[in-house]
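Written out below as structure tokens is the structure these notes cover.
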Amino acid sequence: MCSGNKFVFLVKMAELTTLESLLEMGFDRNRAEKAVANTGNQGIEQAMDWLMEHENDPDIDEPYVPPAGNILGGEAQSQPSTADSSEGQEGQESFEGIAGGDIGYIETEDGVKRPMTEEEKNEQVKRLEELMRVKQAERRERERAEEVEREKQRRKQGQELQQMRQKLQDDEMKKIAEQRQREKMEDKMARQRVKEKIARDREERAQKFGGIAPSSTTASSHPGQPSPSSPTSQGPPPTKKEYDESRIQVRLLDGSTITTVFKAQEPLAAVRVYVQMNGNTPEGQDFTLLSPYPRHVYTELDMEKPLKELGLVPSAVLVVAKK
């Protein structure tokens, strides 16, 4: 657009209402009516600001229905001509505020308005265009800052979620360790009670049968006869011992070993948890367990099987291997 045409365009806009000015600038009528209504018809600058801020609203293109008896832009035929004149003057003053003065005129020192030169007209048009560029740049900068803030919030929420998951995992591992500690203490106490009972039984038998024990002379008079109570001479053969515990030695990645006792019916997963809690495996390092002789790599299905079923009772050596 040449400078002369720009000046004619600006002069024409100065003579129009805010709504008509927005339409002349190429804005959609529905959007223009919403901008004028939402800014209280305070001028084209406020309307332009509103349009740039809300151009991405999902309902921006929904039909605008003005309140009853209110027609935007001062176009109601029932309004007195003075109202049309005053509103037209308001639109012109708002536009002139953007342009920096009366369109096409400059007021001299003695208060007389003179027509602008072509250079002054071009300068006035440039100021208007620069103002629109500044407002668009401000809007883009504001949107960029909002996007950065949203990204910060998203990352913060992700970190909080990760911390929560880690805490839940740590709490679960702590519960497993505490349960293992309680079981070990209960086993120790149970073994202690058994030992005490055996000692009491021995003491009672000694007190009950101590007076009728065979004399040394009787025993020496029959050196070749076996004792009637000798287990080698009579009684059923000893049965195979059933073990209810397993002593497991685990060789770690760095060559060191850790050893502990598990219940025979505990799953192999209990050994894996013990290695995670007490071994020096790097955090996040996934590993598996294997038997060296004969070599056998245990799978996820094996983790649910009891140690007794896997043949790891009464003792076994396992090796930690990277996956």
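The backbone N, Cα and C atoms fix where each Cβ goes, and this holds for glycine too.
According to TrEMBL, the protein has these features:
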type	residues	note
DOMAIN	12-54	domain 'UBA'
REGION	66-248	region 'Disordered'
COMPBIAS	85-97	compositional bias 'Low complexity'
COMPBIAS	110-152	compositional bias 'Basic and acidic residues'
COMPBIAS	167-207	compositional bias 'Basic and acidic residues'
COMPBIAS	225-238	compositional bias 'Pro residues'
COMPBIAS	239-248	compositional bias 'Basic and acidic residues'
DOMAIN	241-320	domain 'UBX'
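Listed by sequence, the residues of this chain that lie at least six past the ends of the compositional bias 'Basic and acidic residues' (239-248) yet keep a Cβ under 8 A from its Cβ atoms are 187, 259-265, 271, 307-308, 312-318. Averaged across the domain 'UBA' (12-54), pLDDT for the predicted model comes to 80.
Counted with DSSP, the domain 'UBA' (12-54) comes out as 31 helix, 0 strand, 12 coil.
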